[in-house]
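Positions annotated as repeat 'PbH1 1' by Swiss-Prot: 158-188. The repeat 'PbH1 2' annotation in Swiss-Prot covers 189-210. If you look up Swiss-Prot, you'll see Asp203 marked as active site, proton donor. The repeat 'PbH1 3' annotation in Swiss-Prot covers 211-231. What Swiss-Prot lists as active site is His225. Among the features that Swiss-Prot reports, repeat 'PbH1 4' is placed at 240-261. What Swiss-Prot lists as repeat 'PbH1 5' is 269-291. Marked as N-linked glycosylation site by Swiss-Prot: Asn276, Asn340. Residues or ranges marked as repeat 'PbH1 6' by Swiss-Prot: 303-348.
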Amino acid sequence: MVAYALTSMLLSAGALVAAAPSGLDARDGCTFTDAATAIKNKASCSNIVISGMTVPAGTTLDLTGLKSGATVTFQGTTTFGYKEWEGPLISVSGTNIKVVGASGHTIDAAGQKWWDGKGSNGGKTKPKFFYAHSLTTSSISGLNIKNTPVQAFSINGVTGLTLDRITIDNSAGDSAGAHNTDAFDIGSSSGITISNANIKNQDDCVAINSGSDIHVTNCQCSGGHGVSIGSVGGRKDNTVKGVVVSGTTIANSDNGVRIKTISGATGSVSDITYENITLKNIAKYGIVIEQDYLNGGPTGKPTTGVPITGVTLKNVAGSVTGSGTEIYVLCGKGSCSGWNWSGVSITGGKKSSSCLNVPSGASC
């Protein structure tokens with residue numbers, strides 16, 4: 001009787017299993033090797049694999065509007081055809097999205113085909129690399145990227161995004177005319193964390209133009225313009241608040257710590273912390289904070305429309321070259337305040353004789 005009951009139970013369970021759906025809809029897992037098919041079918045897939053894809057010239061690998069909770073995996077080598085255009089080469093948007101790199105993958109943007117020493121200031125029209133726009137509670141991790149034509153990640157209109165273990169290697173551009181190859185440009189976004197990035201480029205490692213609650217931690221930045229707030233001003237959104245940069249090394253770069261606001265503009269920069277920062281072989285400025293910035297070059301005359309308040313520097317140490325300047329602060333009258341610096345030690349370069357309106361709590 002017991003055996004019969006047990007057999008009946010097992011048969012019933014088997015019938016239930018057989019009758020149940022497989023749990024994986026045919027469209028849940030999608031591997032794409034061409035861009036057109038990926039773009040057409042993306043919205044019906046929960047797990048998207050971009051495998052060994054060559055994206056045609058002038059085409060964005062458009063992964064916007066994905067299913068909530070979708071995962072995108074880059075596998076093998078992803079490449080892009082050559083055309084002069086604005087880009088982007090890749091675009092992703094959605095809620096609870098995960099973008100990851102499979103072991104051994106590479107995303108090769110072939111920037112050398114566009115590099116001409118002019119970046120986005122002229123010459124060839126160069127595509128931006130990756131638009132991370134309109135993302136909510138999402139993550140991008142473990143991507144290996146090389147040779148972006150100009151700026152790499154544009155992060156805009158985002159709420160809650162973690163970028164972890166991103167490698168961008170544009171070092172070939174040091175001698176081949178790469179310019180304006182910012183790694184991470186952030187605007188109008190909140191709750192952003194960039195961690196464990198390894199960046200070799202020719203412009204800002206991180207540039208925060210507007211946004212709040214932004215963390216940059218345990219990153220390696222080499223060859224570029226440092227970790228920057230700004231330039232702030234002259235846009236629709238001109239407020240930066242609540243930024244922490246920590247545990248980061250900036251080497252072989254023009255600048256280390258940089259905060260720059262646009263001459264004559266309005267906005268605000270507040271609650272900024274740089275802590276446990278190591279500088280190595282900085283060519284121009286170890287620490288530079290200026291309220292006179294223009295793309296054509298600083299004016300030397302600070303303006304007060306974008307006050308810089310609550311700047312904490314703690315344990316920022318390292319070296320600049322003999323021709324570089326250790327610290328340079330140029331503030332308008334009364335427009336820099338509430339600064340607190342401790343453990344700041346920059347050596348090897350020149351002392352600036354042009355600092356102006358340095359607030360108490362800081363030194364120049």
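Using the three backbone atoms N, Cα and C, a Cβ is placed for every residue, glycine included.
Positions of the features from Swiss-Prot, shown on the structure.
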residue: Asp203; record: active site, proton donor; Cβ neighbours (10 Å): 25
residue: His225; record: active site; Cβ neighbours (10 Å): 26
residue: Asn276; record: N-linked glycosylation site; Cβ neighbours (10 Å): 16
residue: Asn340; record: N-linked glycosylation site; Cβ neighbours (10 Å): 14
Annotated stretches the repeat 'PbH1 4' (240-261) and the repeat 'PbH1 1' (158-188) touching (3 or more Cβ pairs under 8 Å): no
Rounded inter-Cα distance in Å - His225 (active site), Asn340 (N-linked glycosylation site): 24
Averaged pLDDT, computed only over the residues in the repeat 'PbH1 1' (158-188): 99
Beyond the flanks of the repeat 'PbH1 1' (158-188) by 6 or more, those residues with Cβ under 8 Å of it: 111-112, 115-121, 132-148, 150-152, 194-211, 214, 221-224, 235-237
Composition by DSSP (helix, strand, coil) of residues within the repeat 'PbH1 3' (211-231): 0 helix, 15 strand, 6 coil
Within the repeat 'PbH1 1' (158-188), residues counted as helix, strand or coil by DSSP: 4 helix, 13 strand, 14 coil
Rounded Cα-Cα span from Asn276 (N-linked glycosylation site) to Asp203 (active site, proton donor), Å: 22
Asn340 (N-linked glycosylation site) and Asn276 (N-linked glycosylation site), Cα-Cα, nearest whole angstrom: 14
